[in-house]
Amino acid sequence: KNPFFSGLTAVEKKLAEYKCNTNEAIQLKLVRFPEDLEDENTTFNPEFSHQVFGDDEVAFGYKGLKILLYYIAGNLSTLFRVEYTSKVNEKFDCVEADDVESKIREIIPPGFCTNTDDFVSLLEKEVNFKPFGMLLHTYSIHEEAGEDITYQIYKADMTCPGFREYHKRLQTFLMWFIETASFIEVDDERWNYFLVFEKYNKDGATLFATVGYMTVYNYYVYPDKTRPRVSQMLILPPFQGEGHGAQLLETVHRYYMSSPTVLDITAEDPSENYVKLRDFVHVKLCQDLLCFSPVKLMQGFSQEMVTEAQQKLKINKQHTRRVYEILRLRATNMGDAEQSRSYRLDIKRRLIGPYKKKQRELAKMRRCLRPEEMTNQLNQIDLNLQHEQLEESFQQLVSDYRRVLERLAQA
């Protein structure tokens, strides 16, 4: 045995003990009361940390690493501390620990606390924090404990006193919960900010806690219109799954609906969850329009649907088509062979569009290539595969659509 290699593995073993998963090491909190600091139930962790700590999401050089990022629930004043039980020593271990602190400092704005006492004294001033901007919508959600909790949605911009600093603290959450997050150029006046707050009581006073937010960029459309595009949307983890995303998106639609210069609302690179949310909100908004009555749905997708959804609700053509497909599914008796066949054909006709385009491209290639280079077999395989893929896409869509309809039935 080569003693060098066995020696190496011992060192490697030792060094491996100093690797920490950063998704576990980072501990986030939204603090309302001093006792929240000690309460494990108020802690949550990032879903992602690769944008700060690299693709393997590992910090090297520490045992028992804790990266504490605690925020006061409303104005998001921050406590940042790094704790660990031991750290590699450059003198003895000849390796250097990652500079965790400077990596975090790159994304959180300056002016944070580093000790708990300062943080707790800031917490006492939280009673003065009020939401920014203009109140758009108030709603309440019935909690398991039996009480109704009130939430409010505001529209803010950079002219609101204190909002710029607050937004810098708020957007740090994007790094941990949106896979491809980036900070926006806030000096561009075309950004709109929509914020969700929860009202809560503390010692007889009403306070506000940050729940989530959405940023929307107003693109110019020639000659005199705008097309708002949803850029980022985040409901903070302690509030997820309670319906705030739907409330927020619907409120944003209602805000733009009243504006004659707005064409329709789009989204930048939407996630799967966002698409589900959008389907639900769009269908909820559209279901009462006359052009989506069961009789009209059975006659097929129409220009009337496109026009009405765009003019009244600021929903674009592509999204209106999805709304039509979801509402038509609801109006269709899938147990009836004729109705179900008609529905299937209608959807597959849309799904086959991209395939048809591919067929045309193949036909063009065929004209350029010698016959022996393009055998007939290729087309045959292609067709069978197409049918399989089409059927798969159709089944997937129907199950997505059913989920939207279930949620709608409960709303």
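Note that Cβ sites are derived from N, Cα and C of the backbone, with glycine treated the same way.
Per TrEMBL, the features are as follows:
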DOMAIN    18-179  domain 'Histone acetyl transferase HAT1 N-terminal'
SITE      Trp191  site 'Interaction with histone H4 N-terminus'
ACT_SITE  Glu268  active site, proton donor/acceptor
DOMAIN    278-329  domain 'Histone acetyltransferase type B catalytic subunit C-terminal'
Item to check | Helix, strand and coil totals (DSSP H, G, I; E, B; other) for the domain 'Histone acetyltransferase type B catalytic subunit C-terminal' (278-329) | outcome: 41 helix, 0 strand, 11 coil
Checklist outcome for this item: Students should find that the Cα atoms of Trp191 (site 'Interaction with histone H4 N-terminus') and the residue listed as 'active site, proton donor/acceptor' sit apart, in Å rounded to an integer, by 14
Next on the checklist: Let me spell it out: for each of the recorded positions (Trp191, Glu268), count the other Cβ atoms within 10 Å of that residue's Cβ, using every protein chain shown. Which one has the most?
Outcome noted: Trp191
